[in-house]
Amino acid sequence: MPPLLLLPAIYMLLFFRVSPTISLQEVHVNRETMGKIAVASKLMWCSAAVDILFLLDGSHSIGKGSFERSKRFAIAACDALDISPGRVRVGALQFGSTPHLEFPLDSFSTRQEVKESIKGIVFKGGRTETGLALKRLSRGFPGGRNGSVPQILIIVTDGKSQGPVALPAKQLRERGIVVFAVGVRFPRWDELLTLASEPKDRHVLLAEQVEDATNGLLSTLSSSALCTTADPDCRVEPHPCERRTLETVRELAGNALCWRGSRQADTVLALPCPFYSWKRVFQTHPANCYRTICPGPCDSQPCQNGGTCIPEGVDRYHCLCPLAFGGEVNCAPKLSLECRIDVLFLLDSSAGTTLGGFRRAKAFVKRFVQAVLREDSRARVGIASYGRNLMVAVPVGEYQHVPDLIRSLDSIPFSGGPTLTGSALLQVAEHGFGSASRTGQDRPRRVVVLLTESRSQDEVSGPAAHARARELLLLGVGSEILQAELVKITGSPKHVMVHTDPQDLFSQIPELQRRLCSQPRPGCQAQSLDLVFLLDASASVGRENFAQMQSFIRKCTLRFDVNPDVTQVGLVVYGSRVQTAFGLDTHPTRAAVLRAMSQAPYLGGVGSAGTALLHIEDKVMTVQRGARPGVPKAVVMLTGGSGAEDAAVPAQKLRGNGISVLVMSVGAVLREAVRRLAGPRDSLIHVAAYTDLPYHQDMLIEWLCREARLPVNLCKPSPCMNEGTCVLKNGSYRCECRGGWEGPHCENRILRGDAPMARSFHQEPAGLQGPTPSQQAPKHLRIGKALSSAK
């Protein structure tokens, strides 16, 4: 045949070519839920009497690689089966051109033997004769119990059978056999749906996603009471999912001339012939996928103050904390009990509180102890629980270390029974604090903290009065519906802390810490704050008055919990020049701050308040010098009034950048320049004389606490260095760096080199300098960067 005459045959071959397909199943859930699905599959257990047969497709269309994935799915499913002769029996049959029994159901009596046998199955190849394999099973499961127990058939195939499957599959289902169709490689979903039992959504899975497929299989079996979960709070939920197929289809692209022979001798006809192009098109099939979800360690939202909870397995987690709260277990502010006190936590363990409420109470005490107790603390703690009877789990002070106390707390069991709060209070009054019988100044203050979520079933007024008569301070923590009863027990509304939502319970920790000591220091101990004092050290103030200012700010500092996680304090003085006495991150403790304040220099000369405020904006209130993103910031300026003529604009610039400014002006006359500098009326405190400063201390603390509670803008002041731009996004921020800089805060100069890890070790090219100290990331940001890169 002439070559030209072969063209039609070639075109016909292309036209009728079978196109390849790519299939995929995707469950539409977030990453956290996907992690819970994976964890839940490890918490499920099938221990009922049941016969399970794996029917593995070993044909050439599967291929050896996909066959190994089929075996991996079968092995993973066996991990949840209680395999024994009297409970779960497992067998395996491979099919290709013909079915081949790998091992019957009565061959092995342990899970490990079954898993080893599945692992040793050899791929055989051949045609995909699914129908023949199903017909063989019509005579019964090899080694099975003849239908006296439920029968489960798990078909793992690509759904490309070369024979009919609908009738033999229907016959098996009519005999009561539950059929799962598990796709592998690029399955045909329509054939899998034909094979599977009803409801189809619960019996069609994809073996390529082993943990998801195992969860789906066990979830369906649990609805038939064949499987259970270790946690009673686990539940089966439907999730939208999508089965997608990427099909290659042909489209008419146009016509071209081709030559054909004719009936007339020596004649060739030129005719238009169509030609085609190939195009890939997604075909989607929406469905519901039923999966078991178990409560995760992050469901209780243990990370406070905007921290992000990262689960680590079934019951462990860690918190990614904002910079202001780094280093703490649950991003909790560092608090302390500085008074000498004995505290007994009394936990309601009755049926009215429920197991969930009892666990919340234990979590509350655990967080409180972790937040406030130190090894050198003068406070001692004990823990007791009650329902029908009182049980003292940890007598007051009888523990070696805080971790020992926490371990004892974790081991306290839930007792149930009636809520006999009155009886518990009587026993606590008599025996709750051991043999401590000292009185007066020799005995620490004794406090009982009652945590309950249910009303007492016995009388409480008399026992509570008896406890208070024995010099016990009673504090009550509970829900709003119990407020009246808690007031009756404690004797005062001031001794009651209520919450509207169970999760709000944990927000009471700072308030409880404040109330425990007999003389709680006023202020906002739990509020984070970056605070800078600006002192006028010019000649117009004088050395003696400057000393009065120093004494005043030292007394104010005593009202704050100074540490890198709560309140940071800096000090700037100005006169003949502007000088930073110490920055925000210079001194991590209150004692060090007080000592440095006493050593601040008196400068003399003529001062410029405007220059000093600009110095604070450029050299003090920056992330390079210790300011923390997302933490309220305030400047308290103490001045005699002179030198304030140029300060109004710099003060307004600070306020526009998210930094609050309060002016304390000392002198008989309030100058107009100071009024303009103060801005809003509530940002000015006028003091008649330097000796009167202590009388305005409470007013200053109240203003600072009010500013500390205001919402903050994470980009004001900007945490981005080297002229980077701060962009708010989803409750956080990111830095867009200018050319030549990179890093979370644009702190790293981009150098030439093959790998980022090698840049810091390369010799810098001539004329190219590394970042100056002001351009480098401050310590607290470098730590954050190291953590993020480690992740």
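Here the Cβ of each residue, glycine as well, is placed from N, Cα and C on the backbone.
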Just to confirm what the record says: which one of ASN146, ASN730 has N-linked glycosylation site annotated in Swiss-Prot?
ASN146
Cysteine of CYS726, CYS735, CYS737 paired with CYS715 via disulfide, per Swiss-Prot:
CYS726
What range among 102-131, 762-791 does Swiss-Prot describe as region 'Disordered'?
762-791
According to Swiss-Prot, which candidate among CYS309, CYS321 shares a disulfide with CYS331?
CYS321
CYS273, CYS289, CYS309, CYS319 - which one Swiss-Prot pairs with CYS298 by disulfide:
CYS309
For CYS735 (disulfide bond) and CYS298 (disulfide bond), what Cα-Cα distance in Å is obtained after rounding to a whole number?
29
Among the disulfide-bonded residues CYS303, CYS319, CYS737, whose Cα is within 10 A of the Cα of CYS309 (disulfide bond)?
CYS303, CYS319
Could you give the Cα-Cα distance between CYS715 (disulfide bond) and CYS746 (disulfide bond), in whole Å?
14
Three-state secondary structure of CYS298 (disulfide bond) from DSSP?
coil
Just counting, how many other CB atoms are there within 10 A of the CB of CYS303 (disulfide bond)?
23
Near CYS331 (disulfide bond), which recorded positions out of ASN146, CYS303, CYS319 have their CA within 10 Å?
CYS303, CYS319
For CYS737 (disulfide bond), which of the listed recorded positions (ASN146, CYS298, CYS321, CYS720) have their CA atom within 10 A of its CA?
CYS720
Given CYS321 (disulfide bond) and CYS298 (disulfide bond), what distance in Å do their CA atoms have, once rounded to a whole number?
14
